[in-house]
Amino acid sequence: MPERPRTERTQTERPMIEIKSVTRSYGAFKALDDASLTIKEGEFFSLLGPSGCGKTTLLRMIAGFDNPTSGSISVDGQSMEGIPANRRPTNMVFQSYAIFPHLNVEQNVAYGLKRLKLAGPEEKRRVEEALAQVSLTGLGKRLATELSGGQRQRVALARALVMRPKVLLLDEPLSALDKKLREQMQVELRRLQQAVGITFVLVTHDQYEALAMSDRIAVMFGGRIAQVASPKEIYQRPVNRQVADFLGGMNFVKAEIVEENGASLVVDTLGFGRIKTDKPKAFVRNGGAATLGIRPERLRVLWDNATAKFEVAGKVVERHYFGEITHLIVEIPGLEKPLSVTETNDFGADDIPVGTSIRLAYDPEALVAMAD
Amino acid sequence: MTAAAEGSPAFGMTRARRNALLQSEPVQGFALISPTFLYALILLVLPILVVIAHSFWTQNYLTIDRTFTLENYRIALTEPIYRDLLWRSLYISLTVSFFTVVLAYPIAYFISFHGGRHKSLWLFLITIPFWTSYLLRVMSWKVILGYNGVLNSGLMGLGVIDEPSTALLYNSSAVIITLTHAWAAFAILPIFVSLEKVDRTLVEAAKDLGDGPIRSFLRVTLPLSAPGVISAALIVMIPTVGDYVTPKLVGGKDGVMIANAIQAQFGKASNWPLGAALSVTTMLIVTLIAGATVLILRTAQRLAR
């Protein structure tokens, strides 16, 4: 494996991984269906989706553990066809960590270096450096069986990073950790990626993990890529209801298209009245109906006599307390489904009695049109 | 129970104590193993004690002189004939265990890694030879290796040899070939079990870190299946040292092993004490070798890292 110069964060526009209409079939079942994707150099890229959506299959094909039925994958401009896993410029952090149980931490980290036939001190230096990167200095002599889950995860990371791969593949690396450690590792992983500047490809089913760490996310369903965009774009402007739902709560509102032109749509809704909204890029008109969505936290309770330019009135029918926030279910006359509203508790949203009539403020920009 | 306990405290106490005793885990454990334990005691430990006792006595024509002596051990360890037989037995059993393990490993590997849905079918097929008697299996090797046997006629038919070779049967090689075949299944199973336990992601991780198939096998699969290899080697080695039937049937004059000599002392030669001393010596040496094997392989495994 060629040595990669150690540079600071190098996110460029240069494509690092190019996936061109890759399909992977198992008999009649298509685990991956005509997926195309370009991952840029130095990018932290996430493949997000529910289990069975094909994200792990795609990752394993990049690593070389599986081969596309059709289509092509190239890494750093070089086609990966016929190149076995051991000769690819990629390294993987496995979901189970796959720490060699018969070796200690140092030997695990040095495993891949043995083939490079480095001089003894150089090998030792690189192992030390990798252990320091993941804050495991001093634990080199421990056996894998003597480590905690979080430490094993760090060993797996160091073992892959020490190889200085062009691409680091992470298969649900945080799923086995408890919540607190997981959140800590999210921050650390992101920081580490920025420091080493290697392209990271992360597979996860946890939308918060993907949102918190990635430069860009590909959301996948049933073997197909539904949307590729930045975390903010994915969250705020999901292309369809499925993506919107997977990324968190979303209120869907039925609308009637009044006017459609180049970049915008004018629609009539029963609860929100007439709204002008951006037209999504891939908007396909399906008769005269459209679906709008608004996230629960984009609706704000209006207190006392406060007014807003855009508001809807309704009645609280349910209240759920979540510590720092409260979920209110608010019935709006004319809307077939009540709206779900997330309000922080600093103004006493947790004290609003069920049955109260309230008014909600919203920004019409937060109402986004999407495919069904 | 409470009424009885209140009525007579002494009685209640003993009963409570007895109940506590019956409910304690060690007692329950002993109760569970006691039938097998007694069986082993009567049929295994007692006979061994009898043999050990005999080994210190002297045969006096028809009676046994029960004065303590080490003479039998002196004969067993210094008489060239017994020393040679012991060496040959050890040589044969170690060679057999080596070849059995070497031949069994690929089979176990194939079943474990490439058996797919048919693993149990493959294991079942391996047990088929055991459906016939061991004697029949040994006899069939006689048919294969004999003077007019399958191998000789085959080789003559091919023109490799002009007249039947006598080097095939009635020597230690014949014993080794027969035993290696006979014990194959006992080596395949433990190796298979330990290979099944090897996490396949570890092999993938080795590949991911740059190892080709051979290196990942040597650095991950083989060390992790070492426990199975060690037990397979011991399972084959320990019983074959004292094998009696195989050398008797295919070993001829040159394939005689220590068990045949022991049998002779208890039978025709009618010298039980010497036979007993030979048995005890063999037993001790096998124990030592088994212990040493485990130790050496463990060290080798540690150094191989």
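Cβ atoms are placed via backbone N, Cα and C, with glycine included.
TrEMBL: automatically predicted annotations, no manual curation.
Summarising the annotation, TrEMBL assigns domain 'ABC transmembrane type-1' to B:86-293.
Positions annotated as transmembrane segment by TrEMBL: B:37-57 (among others).
What TrEMBL lists as transmembrane segment is B:90-108 (among others).
The transmembrane segment annotation in TrEMBL covers B:120-136 (among others). Listed by sequence, the residues of this chain that lie at least six past the ends of the transmembrane segment (B:120-136) yet keep a Cβ under 8 A from its Cβ atoms are 107, 110-111, 182, 184-185, 188-189, 192, 245, 249.
Residues or ranges marked as transmembrane segment by TrEMBL: B:143-161 (among others).
The transmembrane segment annotation in TrEMBL covers B:173-195 (among others). Distant neighbours of the transmembrane segment (B:173-195): 92-93, 95-97, 99-101, 103-105, 107-109, 111-113, 123, 126-127, 129-130, 134, 137-138, 141, 145, 167, 221, 224-229, 231-233, 235-236, 239-240, 243, 246-247, 250-252, 255, 257; these residues of the same chain sit at least 6 beyond its ends, with a Cβ under 8 Å from one of its Cβ atoms.
Here TrEMBL flags B:216-238 (among others) as transmembrane segment. Beyond its flanks by at least six residues, the transmembrane segment (B:216-238) meets 93-94, 96-98, 100-101, 104-105, 108-109, 183, 186-188, 190-195, 197-198, 202-203, 205-207, 286, 289-290, 293-294, 297, 301, 304-305 of its own chain at Cβ-Cβ distances under 8 Å.
Cβ atoms under 8 Å from those of the transmembrane segment (B:276-297) belong to residues 51-55, 72-73, 75-77, 82, 86, 89-90, 94, 226, 229-230, 233-234, 237-238, 241-242, 258-259, 261-262, 265 of the same chain, restricted to positions at least 6 beyond its ends. What TrEMBL records for B:276-297 (among others) is transmembrane segment.
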